[in-house]
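A.B. asks: Shown below is the structure under consideration.
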Amino acid sequence: MDYRWIQMKVITFSIAKGGTGKTIITANAAAALAKKGKKILLIDGDVGSKSLSHLLNVKSNIFLADIIEEERPIKDAIVNTPIENIELLAVGKSLADYLKFDINILKRFKELGDYDYVFIDAPSTSSGVETYLALGLSDYFIPVLDYTAFGPSLQGAINTIVIGKNYLESTPAGFIINKAEDLPESVINDIKKILGLECISIIHKNSLVEQSYAKKEIVYLTSSDKKFVEEIDKIVDALEKLKEVKERDIPKVIEKIKESTLL
């Protein structure tokens with residue numbers, strides 16, 4: 001049986017460690033798409049920091065876990081954000097806890113057929129149940145490499161690609177280098193060869209962008225950094241070129257995750 005979320009591209013920006021800008025990239029890419037009239041659902045799956053909710057200055061009183069347990073419509077847990085065309089769904093529990101629910105709950109996401117994109121913001125690790133589930137539910141994922149911690153970040157990206165592509169049947173759509181300095185073309189080409197992916201965007205280290213999380217500011221909408229805006233536009237162009245995935249065997253993927261974690 002097909003459990004896919006109708007007429008949506010489901011995407012995760014993945015990264016191996018926290019504090020490297022994954023949430024900022026997710027929110028700004030969503031804002032850029034929303035500005036073009038696309039409808040976006042952001043799933044804040046990071047229970048610990050609630051990063052997307054913080055950045056967008058949104059507070060949820062009803063969570064996905066609540067509506068599943070109480071058998072309420074999923075839309076009851078979705079809240080508006082200050083940005084037109086962007087809505088947010090907070091999970092309320094660790095993503096790992098959702099593996100204990102009946103797989104048939106995924107059918108209820110058919111209610112959400114009016115979005116163009118779903119972005120899942122999961123905890124920042126290259127392994128673990130939360131990462132596996134976010135990748136498993138995503139049609140595509142984009143590894144984000146932190147240039148200021150390049151060695152661990154590159155290894156994390158390699159791990160994520162191996163698991164996401166070969167085990168969880170999600171497709172890597174390219175990679176992003178974040179907090180970069182000026183990079184020789186030879187270095188970028190080496191990374192392409194190692195990961196087997198194209199480079200979508202190189203976002204240079206910028207204190208204005210890094211401080212935007214604390215300030216709860218979406219830099220793309222303020223146009224306060226033209227280079228950053230240009231790089232987000234490159235990401236959006238790549239996302240718009242991705243083909244819609246017609247069918248995925250999500251129950252099979254979920255079972256793989258359960259088996260690997262002994263749940």
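Keep in mind that glycine also has a Cβ here, set from the backbone N, Cα and C atoms.
Copying in the features that Swiss-Prot gives for the protein in this structure:
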BINDING   ALA16, LYS17, GLY18, GLY19, THR20, GLY21, LYS22, THR23  ATP binding site
A.B. asks: For the binding-site residues listed here, GLY21, LYS22, which shows the highest count of neighbouring CB atoms within 10 A?
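C.D. replies: Within the set of binding-site residues, the most crowded position is LYS22.
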A.B. asks: By a simple count, how many Cβ atoms lie within 10 Å of the Cβ of THR23 (ATP binding site), its own Cβ left out?
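C.D. replies: So the number of other Cβ atoms within 10 Å of THR23 (ATP binding site) is 26.
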